[in-house]
């Protein structure tokens, strides 16, 4: 019993703390008296207990004084340094047992962890109730549903913790060693702004006392599923409650039921945000006028504050709580007049290890009384394993593998399974029957049609090995088929739809956080309801801010904002506005404090922000809100890559209870996080679909990167400000800055939601899922392989086929032919870092490179590969192939044998039939779109559906050739591409027979040079070609894809063109189209792209050639000057490159700039880059001598580090120059040397590369023989030898020096005029120097350095890589160009020839044009002695040349294979 003290000091600080302090106080007098009593007791003297006289055990006070005392106790944190998260003092006396308010239970739970079940007198109960019983009490203790209580959530310790922290006042800037946090109550504030009791006006200057405990609630309180502790409560909000709803952060009556606060949160939010426009402007002004970080913020503050919400729906929206009776299911009458459970399923989950044979279906159910949909979970049990045993023809001995000659019957298979298999694997009970099944896949020796033994047994019993074989059966199928797959296939469920559950059962104990739960005891009780539109969903978009802890380098979550739409339609256009309510919560890092009077600023601004004292409180609040809002879809950016993992890790570290509220399934153990596949994170959210707009954007649009800022710019056409991670901590210094941080978080959530709506992600995902028949949450994760897999699974199941087991495709590849090894080794066709193609792909015709200024016609086959599959009936079921041959790789790189086309008389196979269905459905939808006066929503719905059908049909071919696909069939894929090549070549030949020139062709399209400038004639010609080609095929169709006014064709898959677009008035406009050029790739900086675009624009223009060259020259000179003088913005230098794997997985991280920048970004926290992400970096001068690739830095590093500057030479030489040089290659009058000169670069370094590319062609054409000596030896190193007399270095590059009459031998005199010595007197030294130089070059050759021919890479290595392309070893750094010898055999041979050439006096004299010159030189200089000296030096070079085999061809060896054996 807590005594009441009249002393003010006691009431101020709390009676309990004060009395305990006195009790522990010790004094000498007290010790002496105690010792004295002990001595007497030992002596046998009786100890008498002295009863003290207590005066005033109970103090009599009036009601007002008592209220003040209770309030003071509530305000006191009596546990030191607890931050209000562990204990709660509710301020009342222990003898208040007769009080009617349920908050008493919260007090008792806070002290001893037990919740008492009190009868509720004076509470009017609704018809739908759950009786009080002992089971309810235990469930309440476990956080489950409790007995019926009127608005009682006070038992939930977590909610008490959250509210306690929300109202904990920020500590002072210089806190004392031991802090005792105290809460102060604002004048005139309601004790709990979200209280269910009607708010009453309180005179200013007085504290509103709590509502009397003995009065019943003013309104009947129906039941509702509890948000935190599982209590069933329902609150009907009133207008008066909403009026009192402004959030008072320094208030908090913690004994109020938390669930009630949650209920009124949304209506309250609407009122608060409705008043926000004016205060928001003040926030902006404060930020602009501040100093330090504020000035930084001021530079990017928006014109209109985010708090200024212009959506009226947000202010008027009110969340209506739904009454749900957990003791009854919302049943409806079925077709047979029986009571059934109807629900719309959205997501499915199974736990194969802990709950085998059970599938959880999550979705929405209609509640008639509330006229709304609520979440539901249906537990489908007893899904049995289904296995198919293929009998052998003859029994075999498993030990020897030989047949015994005994024929097999189905009874023999049954007996072997019963007596051996079932016993061994402890399968106690099973069902079996013989069935007839078809098979059409890649396992050899499996008949097309056969009788199998079908065995069904409980999934709780062990799974059989996948490679199990027996004496009587050769194969067993279905061993690892999941319960979910079996359920979806057998019940023919294709994506989200309405389902009917017959004989639904109530669950004994809640398994999910859904409002309604049901159970189907067997899968046959679940049936599809067709042609009913989907219900609206609850969509929540969220964004969060993290900050890295400097000590442990962990990301801490400091702010979260979310926008919610409670009725988001999937079959209509996105709602406007896309959200109806919202919330925002902020915490502080452990080493920060909130700005002074932050809560008062929020209150003054009337901005609705929850303030959490700790990260644990913030996470608890977020989980509570997720549970309260109960979203079906959570939308974010980079959720799977970063945010979800961080969120779950922080929940785990902070030990926030009920982590599983992030999903819908109740679980205690969090899945393992941080795996490469993100499996744990995906499982954590089961029941709530995750829509990551980054993943969706990657599938639907093309951007240079998929960061939120880039998506906002590309899709929403607006700018997003980025707040650097290191600035966040500084923003806690002032309230205005912290408010801006929250505003930025809120706006990110809004951007994310708008991007999702703009891309129509959800309707498109729903349509694709319904077409493919997979699970929508997986569709939203991207990747088409699984969709194709499920589409084919449904088709083959329906046609009584046994389907390939999951992952069985890996075994044959590893067993047969070593295909994986060869692919990894990449012997032949390695391209762009990918594995070698397992079969030949599409045909690419050799381009006729050049610039075309006449109309070019582009013809294209519509959906070539799907059309070929239909045209020739190519299917698993129709094409005959030998499986063993189909899976082997032929030796010596020979092309694999292509299977024969199926017989035209065969029935259409399943694959072409499925594709035809998709094509026909798309045609029907497009016809529907042409109807007049259609509803815009319907038009959008049709458009999304036809887009989904197109995406699915076009990706169907991919599953054949994708080696990790379940339906991988390389022979079929090879046959399809073979026919594609054949058709393209046939089309080319047909066009050429029509006297037209085909200048290029690629896979499914050809370009025809019309040599015409009349557009009408061009279209006539195109239609003529089209009709001739289409006559040959039934389903294949070629069409005019476009007309180019002018075309710059550079090489295969690289061209630029002006596309003609006819207008309604008969004229046309042109649009620039680029294909495969550097300027459309993201790994070039914007400056290089802009320069390239300008050059292309000039080349494609109608100007004269001289004008074009002049304009390009001016622009390049200007760009070179701008780069050097620093007038180009840093953003123009940013290079973007995608990661093909996680940064830490790269073997050579230093040589790859984007990889080590990615590692730096990951080390900083705030975001995590992974495989598939795009990294931005700039190449800087940092004072080191490292290569350019090792001097890459993130743009934010360049801003922060003063010692970094842009490497201008790199950008001019390795970014701008290569781009322009490649574009201008076919243009006369512009070459690499000229471009280098215009850019201010040294032109000599580009000459080597300019001539290197033509060396091979020159050799074939006899080019070097036609060159002059000067041209032939222009790149050779000159012979240098110092004069032994004066030390001057003499350079020799010819036999002669000077010209005309001044011509003389180069060895005649020293280049130093003052030196009288002649080099001819030092021929021994010259010879020695020559030998040393030759040896140096030979050593350089044998060093074997290889260098990448790609100008932007220039990777240098001595290690010969294992991957080769047709032109040589593939560069391991860039994986797109070949490595060439840095010093080739030709270069060495030419250098040796040069040394012979400069000392070959006889040859030089012979080449003189006139006899007069020859005679003069011979008489004056070339005496026999001089000629002999020259000859000695020449012979020195010739000795080495004679050892070189470069210039010799051994004919006998060359033609050895042609010898005829006698």
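Including glycine, each Cβ sits where the backbone N, Cα and C put it.
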170, 174 - residue that Swiss-Prot labels as phosphothreonine: 174
186, 668, 1151 - residue that Swiss-Prot labels as phosphoserine: 186
Where Swiss-Prot places phosphoserine when the choices are 190, 533: 190
The annotated region 'Disordered' range in Swiss-Prot, which must be one of 72-97, 98-123, 124-149: 98-123
Record-annotated phosphoserine (source Swiss-Prot) among candidates 209, 503: 209
Number of helical, extended and coil residues in the motif 'CysB motif' (1348-1374), per DSSP: 0 helix, 8 strand, 19 coil
Among 1286, 1310, which are binding-site residues, the residue with the most C-beta atoms within 10 angstroms of its C-beta: 1310
Cα distance (Å, whole number) from residue 970 (N6-succinyllysine) to residue 1286 (Zn(2+) 1 binding site): 75
Rounded Cα-Cα span from residue 970 (N6-succinyllysine) to residue 1283 (Zn(2+) 1 binding site), Å: 71
Coarse DSSP state, helix versus strand versus coil, of residue 1315 (Zn(2+) 1 binding site): coil
Rounded inter-Cα distance in Å - residue 1310 (Zn(2+) 1 binding site), residue 970 (N6-succinyllysine): 73
List of residues, in chain order, with Cβ under 8 A from that of residue 1315 (Zn(2+) 1 binding site) and at least 6 apart: 1283, 1285, 1286, 1288, 1309
Averaged pLDDT score, the zinc finger (1283-1318): 80
Environment of 1283, 1286, 1310, 1315, the listed Zn(2+) 1 site - residues of the same chain whose CB lies within 8 A of the CB centroid: 1285, 1287, 1288, 1290, 1311, 1312, 1314, 1316, 1317
